[in-house]
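Colleague: When I checked TrEMBL for this same protein, it listed these features:
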- B:27-55: transmembrane segment (TRANSMEM)
- B:32-228: domain 'ABC transmembrane type-1' (DOMAIN)
- B:81-99: transmembrane segment (TRANSMEM)
- B:111-131: transmembrane segment (TRANSMEM)
- B:177-200: transmembrane segment (TRANSMEM)
- B:212-231: transmembrane segment (TRANSMEM)
Amino acid sequence: MSPFLRLALAVVATGAAMPAYAASDGLVAPLVRWAPVILGGFLFNVLVSILAMTLGTVAGAALGLGLISETRAIRVPSRIVTEFFRNAPWLVLLFYCILLIPFEFRVGGTIIPLPGWVKAVIGLALPVMANVAEIVRGAVQSIPGAQWESAESLGFSRFQTLWMIVLPQCLKRMLPPWMNLYAILTMATPLISIVGVEDGMTLTRAAIASEGRTDLLMPMYGFLLALFFFYCYPIARWTVRLERRFALSA
Amino acid sequence: MMQWLQGPDGLTGLGLSILDDDLDRSAFLWGLWTTVWLSLVCIVLSFAIGIAGAWAQGASSRLGRGVVSAYIQVFRNTPPLVQLYFFFFAVGSLLPSVTDSYGQSVPMVTNVGWAVVSFSLYAGAFNIEIFRAGIEAVPSTTVEAAEALGYSRLGTYRHVVFPLALRISLPALGNNLVNLVKTTTLAYAIAVPELLYVSAQIWSEQLNVRTMMNLLLVVYIALVGLLVLGINRWERALRVPGLGR
């Protein structure tokens, strides 16, 4: 269990220690009792999503530049990697990383442990990487070719053109699809509960199990759904707004 | 034939127990079939939801429009896995159980049933948005011309707007259907014996995790590739010259 979750559990351990005889205290009281635990778990999901997005964006930017490379030996492998990770199901990639990455690495004399949640972050970052690569490629190709030609005639090298002229314009175009991808990633994070990483989903199910009441299923799962909704919905609205604004100015 | 494929030592050395072992092979093929079946049923249902929802969104009833857009926002902005659990555990617990032909008490909707309901509703929410964008792209003059010719609202939708909108929506629709096929792996979580689930059973018995994992990835990519191929062909077959691009 991550220290983060342990903290979340400890905070409410006192309040949640007596569920056995509190079986008839309505629907609201158990929900209030468990809300901090579930919220803590949900924040862990958010943390995982931020880490996976960061990792996936860095790797995906590099892969995306590989996709638009003029060298065939870089472009073709980049295309294969992108298509592979874009088309493979997220859950299968997660299983792949969880089961096949070793639980520790030995570099020289030091042992670097790789807990499950780190492997889960890597597993989620892989499809993010492939999607970011496509976003980068799409944005670069949406810049008129004439700009490349004018930059070339002004004596810019290919790298300079990309770095100083094309990419700065791309950032604006990449932002909405990138945010969209982040929302998709956040909604994929509960998958890590399937491969045994404790997250908001795991804690919600644990809370339900410890209360042992079927009438709590709906409110508890509903609460978790609501948490995700109130996190992802504003992102979606904002994405739509940005898309509209950039569409007008372009 | 299998004897020849296996060679003197069998293929077990490769860890491909689905070639050597009859039980594993039939389980794997059954899982593959379940995945394909689940994908096809959900594609058809989500398609129907998309068509009906997009039509309701264009309706004059404010209540209808509100309900549809609330549905879209809720299903688009919550995790599909939590939706699946919500349906399977929470909604499922509210439904009465029925007695099957063996006299046993079974839930009214099975885990496969809930997977179909959940994935169809999830993909359907996206399909509505996709079809709506396609409908908005149909020139208003075309709609007006249809009205002038005496088409009713439903008639205009059925014979004029939808056929055009479908062609415009196909690329986005294809993307969503690919996502749907990938989403069917989530059924693993409620023990639907689809490809991922049976593969996990095989690798935990045969301890051939690496081989099964690689095989699984290849099979899924092949499935998605087939779907993409099919959609591309459909797109070409339906193409109207001068429309869209």
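The backbone N, Cα and C atoms fix where each Cβ goes, and this holds for glycine too.
Note that TrEMBL annotation is computational and uncurated.
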Colleague: Looking at the stretches B:27-55, B:111-131, B:177-200, B:212-231, which one shares the most CB pairs under 8 Å with the transmembrane segment (B:81-99)?
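Modeller: Result: B:111-131.
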Colleague: Which one, B:27-55, B:177-200, B:212-231, has the most C-beta pairs under 8 Å toward the transmembrane segment (B:111-131)?
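Modeller: So the stretch in question is B:27-55.
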Colleague: Please indicate, using numbers and ranges, the residues of the same chain that are 6 or more beyond the transmembrane segment (B:177-200) and have a C-beta under 8 Å from a C-beta there.
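Modeller: Distant Cβ neighbours of the transmembrane segment (B:177-200) are 27-28, 30-32, 34-35, 38-39, 42-43, 46, 80-81, 84-85, 88, 111-112, 114-115, 119, 122-123, 126, 212-213, 215-216, 219-220, 223-224, 227-228, 231.
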Colleague: How about long-range neighbours of the transmembrane segment (B:27-55): same chain, 6 or more residues beyond its ends, C-beta under 8 Å?
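Modeller: Distal contacts: 18, 68, 71-72, 112, 115-116, 119-128, 130-132, 135, 157, 162, 165, 176-177, 180-181, 184, 187, 192-199, 201-202, 219, 223, 227.
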